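The (6S)-5-formyl-5,6,7,8-tetrahydrofolate binding site annotation in TrEMBL covers ARG25, GLU90, ARG131, LYS473. Taken from TrEMBL, the feature domain 'TrmE-type G' applies to 227-394. Residues or ranges marked as GTP binding site by TrEMBL: 237-242, 256-262, 281-284. Per TrEMBL, the feature K(+) binding site maps to ASN237, THR256, ILE258, THR261. The Mg(2+) binding site annotation in TrEMBL covers SER241, THR262.
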Amino acid sequence: MIHTNEDTIAAIATAASDAGIGIIRVSGSKAVSVVSRFYQNSKHEYDLEQHANGTIRFGYFCDAKGNLIDEVMVSVMRAPHSYTKEDVIEVNTHGGTMVMQKILHELISDENECRLAEPGEFTKRAFLNGRIDLTRAEAVMDIIEAKSEFALSNSEKQLRGDMRNIIVDMRAQIIYEMAFIESALDDPENYDLTDYSSRIMPMCDKLIRKCDNLLKSADEGRVRATGLSTVIIGKPNSGKSSLLNVLTGEETAIVTDIAGTTRDVIEHDVKIDNILLHVIDTAGIRDSADKIEAIGVEKARKFAKEAELIIYMVDSTSQVGDEDIEILTSVKDKKIIVLLNKTDKEDEIIITKENIQKLLETVGINTDVPIITTSMILGNGIDDLKTAISDLFFNGKLVPEDEIYITNLRHKQLLEKADRSLNLVRDSIEQGLSEDFYTIDLHDAYESLGLIIGEEVGDDLVEEIFSKFCMGK
Ligand SMILES: Nc1nc2c(c(=O)[nH]1)N(C=O)[C@@H](CNc1ccc(C(=O)N[C@@H](CCC(=O)O)C(=O)O)cc1)CN2
Ligand SMILES: Nc1nc2c(ncn2[C@@H]2O[C@H](COP(=O)(O)OP(=O)(O)OP(=O)(O)O)[C@@H](O)[C@H]2O)c(=O)[nH]1
Ligand SMILES: [Mg+2]
């Protein structure tokens, strides 16, 4: 059967796991009549067709033969006042996977009337029916996937329409100039292009700056949203796994006093204030005859190479030397924080911050690398570590700013394209080319920005974007 946007669709909107309540959502012109077939009110006196909009009522959901499946609550939201702008019914059942599946199965059994929704199809309809633009539809997905305070708050801003408004505003400025040029070329008597280039130049610069600022936010936005990949490396027994455990607040990794305890990499997401870190604990680096340990050491080096942040762990009660130089050299171009650990063993400390400073100089690492004294046993130095991370990556700003960050690769690429087109407009102006030259590039910029909010976007792209959504959304 060919799926169309006119079909009535149904899907489980809540998680596919046992929960208190589950919602099965139905959308489309047949929604009310399809659900009516299975819905009974306690006194049989009540008809779904009469159900007041936006209200919820108790009743029974029975199968086609009239056998009770579950007691439910049903809400009706008629077009256009619904999520999809179509008639929407939500059946609230007990949230067992079995009961939700059974009800869904009844609803979609008669395929001509109602079929299973594709992933993201409800939100796709909200977009196609004009309730939300593409950035807001994408925000819905981002909210569901958000794993940090930042990711969530940024996506909520996008859902609110902040991104859309910026783009709409930029496009309005572009189309105004395009219209002006066109009118002037058609009707030179009434529209004067004398000195026009000195007027359009500032506008162009402003738009380019806007693009550049948004693009700048993209890299920071990604780190903030998906987490900073952070690798803890150092010699065996320095306290790397202890740090991971302190950060996660649980026994995530095995800690013993035997050098070479950690062999494989251990990964864990850790939230530090508003920053999400993807922390990777690794095997202590040394030459090992043990085959398994040697593989672990190789892995540690590989992960360190791909990391965005290196936490270099040093045992302050143990000599530093060639091995440290060798490890630090391999990560010298990364952002590094050095932890000088085990400082609770006051009498045994032989390595100081100054020694580390010298070591870093030997390796040729910038001397403003933070060196923090810590004790994993006492939990000392963790706050300093947090501050150092926020300084390194966010200039000390931990609270998300009110500005919106670009976190979507599609938006980033289209903004880059618009940026390039606007720079071409700028070049044309500088070269004193005639106005009709600008319009081509202005139009390209206008189109690229339009694709971000979903105007002039083709069916293929719409399919691709919404197919990444989850079921029932
Ligand atoms: N039960 C339930 N909870 C949900 C949703 C839902 O669809 N059902 N949502 C989504 O998945 C989100 C809420 N988003 C929504 C956005 C708009 C409309 C809506 O009906 N809008 C209409 C009418 C607005 C009104 O009456 O004020 C409109 O914009 O025209 C519904 C939900 C999160 N929680
Ligand atoms: N006194 C003291 N002992 C610590 C501290 N941090 C870790 N230790 C101890 O040092 C030993 C090694 O700690 P681990 O966290 O397993 O060290 P590691 O760097 O993961 O070691 P490998 O996995 O072998 O590379 C354990 O006995 C820890 O209890 C600290 O700050 N002070
Ligand atoms: Mg370890």
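We count from 1, first residue shown onward.
Using the three backbone atoms N, Cα and C, a Cβ is placed for every residue, glycine included.
Automated prediction, rather than curation, is the source of TrEMBL annotations.
Location within the structure of each feature annotated in TrEMBL.
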| residue | record | Cβ contacts under 8 Å, 6 or more apart |
| --- | --- | --- |
| GLU90 | (6S)-5-formyl-5,6,7,8-tetrahydrofolate binding site | ALA13, ILE23, ILE24, ARG25, VAL26, VAL74, SER75, MET77 |
| ARG131 | (6S)-5-formyl-5,6,7,8-tetrahydrofolate binding site | PRO80, TYR83, THR84, LYS85 |
| ASN237 | GTP binding site | ASP257, ILE258, ALA259, THR261, GLY284, ASP315, SER318 |
| LYS240 | GTP binding site | ILE232, ILE233, GLY234, THR262, ASP281, THR282, GLY284, MET313 |
| SER241 | Mg(2+) binding site | THR252, ALA253, ILE254, VAL255, THR261, THR262, ILE266, ASP281 |
| THR256 | GTP binding site | none |
| LYS473 | (6S)-5-formyl-5,6,7,8-tetrahydrofolate binding site | ALA13, PRO119, GLY120, PHE122, THR123, VAL140, MET141, ILE144 |
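ALA283 (GTP binding site) is surrounded by 27 other CB atoms, counting those within 10 A of its CB over all protein chains shown. Look at LYS240 (GTP binding site): DSSP puts it in a helix. In the vicinity of ligand 3, defined as a Cβ distance under 6 Å, the following of the binding-site residues ARG25, LYS240, SER241, ILE258, LYS473 are placed: LYS240, SER241. Counting other Cβ atoms within 10 Å of each Cβ, the binding-site residues THR261, THR262 show the lowest value at THR261. In this structure, of the binding-site residues ILE258, ALA259, the smallest number of CB atoms within 10 A of the CB marks ILE258. Cβ-based neighbour count (10 Å, all protein chains) for ARG25 ((6S)-5-formyl-5,6,7,8-tetrahydrofolate binding site) stands at 24.
Within 8 Å of the centroid of the Cβ atoms of ASN237, THR256, ILE258, THR261, where the record puts K(+), the same chain has further Cβ atoms from PRO236, VAL255, ASP257, ALA259, GLY260. Site extent for (6S)-5-formyl-5,6,7,8-tetrahydrofolate: the farthest pair of Cα atoms among ARG25, GLU90, ARG131, LYS473 sits 19 Å apart.
Among the binding-site residues listed (GLU90, ASN237, LYS240, SER241, THR261, THR262), ASN237, LYS240, SER241, THR261, THR262 have a CB atom closer than 6 Å to some atom of ligand 2, in sequence order. For the domain 'TrmE-type G' (227-394), the model gives a mean pLDDT of 93. According to DSSP, ALA283 (GTP binding site) sits in a coil region rather than a helix or strand. According to DSSP, LYS473 ((6S)-5-formyl-5,6,7,8-tetrahydrofolate binding site) is assigned to coil rather than to any helix or strand.
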